[in-house]
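Notes follow the structure.
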Amino acid sequence: MSVSSNKGLWSFILPTFLTLGAITVTPILATFGISLLYINLTMPGPPMFVGLENYAELMADSRFWNSAVVTAELIFIPVAAQIAIGLLLAMVLKEKLAGTRWMRMAFLLPAVIPPAVSGLIWKLFIVPGAGGLAWLGGVFGADMSLDLLSMPSSALAVVIVASVWTGTPFVALLFLSSLESVGDDQYEAARIDGASWFQSHWHISLPELRPAIITVTVFRILEALAIFPIIFVLTGGGPAGSTEPVNYLAYVNGFEYLRVDYAATIIVSFFIVMMALCAPFLVGIARREAKEAR
Amino acid sequence: MLRTREKLFCYGVAALFIAFLLAPILWMLSSSFKGPLGIFAKPPVLVGDVTLENYRQVLSDKTFLRSFLNSILVSAGTVLASMLLALPAAYGLSRLRSVAKAGLLSWVLLVRAAPGMIFVIPYFVAFNQIGLMDTRTGLIVINTVFTAPLAIWILIAFFDAIPLEIEEAAVVDGATRWQTFLRVSLPMAAPGIVSAAILVFIFSWNEFLFALTLTQVEAKTAAVAILNYMAYQGTEWGKIAAAGIIILLPVAVFAVAIRKYFIQTAAGGVKG
């Protein structure tokens, strides 16, 4: 036997994948199934098969369409901001200025703080008239005592800021690690040719980061709705549904209105859309990984 | 070399962002040491009536302490379950040369990309029927749904880095594949295993949706139990701030401990 053969390898792989199949594929299929049923947890009686009726209801549900728009806003605005600011920060950190080592460590924080605690951190920071924002306003002589969470547009803005806060430092560190392979001499050469700091990064760093930008964007899009705990703590989806993305709407239906069938319908629809958008890309990454290694 | 103006610009950007990043955290830290007077002072104060009362109350709150213990046990259990599943699979996939490999890897990524809600609904129904509702075991199972694929993806890279010649030597000495894996490959991948384990621990510690929906009292974890202080009679911000600091401290320490690997591993597939 040689270690370069496949012999015996399936005994490593199969037990895990069979277990994972049982605890992941089964539930996903079950959720699909539940979305085709009528289940009323508040009334006795077995579930009824209703086909695509829940989906028909969904298509006519204005609250769902509102949450679809909120979902788009909560995915694309924060991800665009995270990528743009992350790029700028990576370029700044690449310069090895005084204190950048400490900055890198501080940058880890938002990525590891429990999201529910992040939500509380922001909620406490903007307590009307008594939070850190009001304190900062006092220092700079501006009145910052508005109740930001009471109005739809400002509540959405707060959630977006919290989402940018959570994701940006991590994105910056990812880009920075991709930039590590670029030697300082490349920038020096550009500088000698008269390029400014910004130009040198535009022409050297950006092309280098291109693949990383694409990958990071896809993963940030897939993970954008992981801010569920932040929304739960900050706004509860309100006011007037202004911060209610689809996964939150599914939660409300399943666990407040006890309509698990409708909750399943919502999340399955979302899953299908996301997979249609991102699956080809994920498969591509997996293929590359499979080829690259050995 | 940077020109002075460019240097100023870089420092400016860095300082602004660090202020944005740290201000809310520092505000929670300072609030955790404030008494009721300081918390609701108008205009607000940065340092109020300094007291340890919030920490004393949180640390003597039996409900919170139980949730903290639950967080430790659930996270440890999730690490154990994920590693038992992920280590052999990652090793096998790393060594596998077959068209099936890309398929299995795609599947790992797709599962990781599925929204948590899609799992919550059937697990909620099933746990109610088989008595796993509000148990730490149940929470470990559903956490593993997410963390095992994550761990597999991370560990493959570390097994890939082990030279085949070293395993070849063990095989020549008559070791079986499993013996080679246990005695040669595992010890060599130790740094990777530790950072993958820490990452799984952090994920499980921070997990909110599953704990919110699948536990009520007994198995509630700290990340959800902290919301008890946002009760009907008004939010107890002092206790929330103290509890928040207590909850984020362990994961912050862990993240700094594995900072060398953190970006590489946490990205889990996000590489250039």
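Every residue, even glycine, has its Cβ placed from backbone N, Cα and C.
Annotated in TrEMBL:
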type: DOMAIN; residues: B:68-258; note: domain 'ABC transmembrane type-1'
type: TRANSMEM; residues: B:9-29; note: transmembrane segment
type: TRANSMEM; residues: B:68-92; note: transmembrane segment
type: TRANSMEM; residues: B:104-125; note: transmembrane segment
type: TRANSMEM; residues: B:137-159; note: transmembrane segment
type: TRANSMEM; residues: B:180-205; note: transmembrane segment
type: TRANSMEM; residues: B:237-258; note: transmembrane segment
Stretch contact, the transmembrane segment (B:9-29) with the transmembrane segment (B:137-159), Cβ-Cβ under 8 Å, 3+ pairs: no
Same-chain residues near the transmembrane segment (B:68-92), Cβ under 8 Å, at least 6 residues beyond its ends: 136-137, 139-141, 143-144, 147-148, 150-156, 158-159, 181, 185-186, 193, 196-197, 200-201, 203-205, 211, 215, 219-223, 225, 246-247
The transmembrane segment (B:137-159) versus listed stretches B:104-125, B:180-205, B:237-258: most Cβ pairs under 8 Å: B:180-205
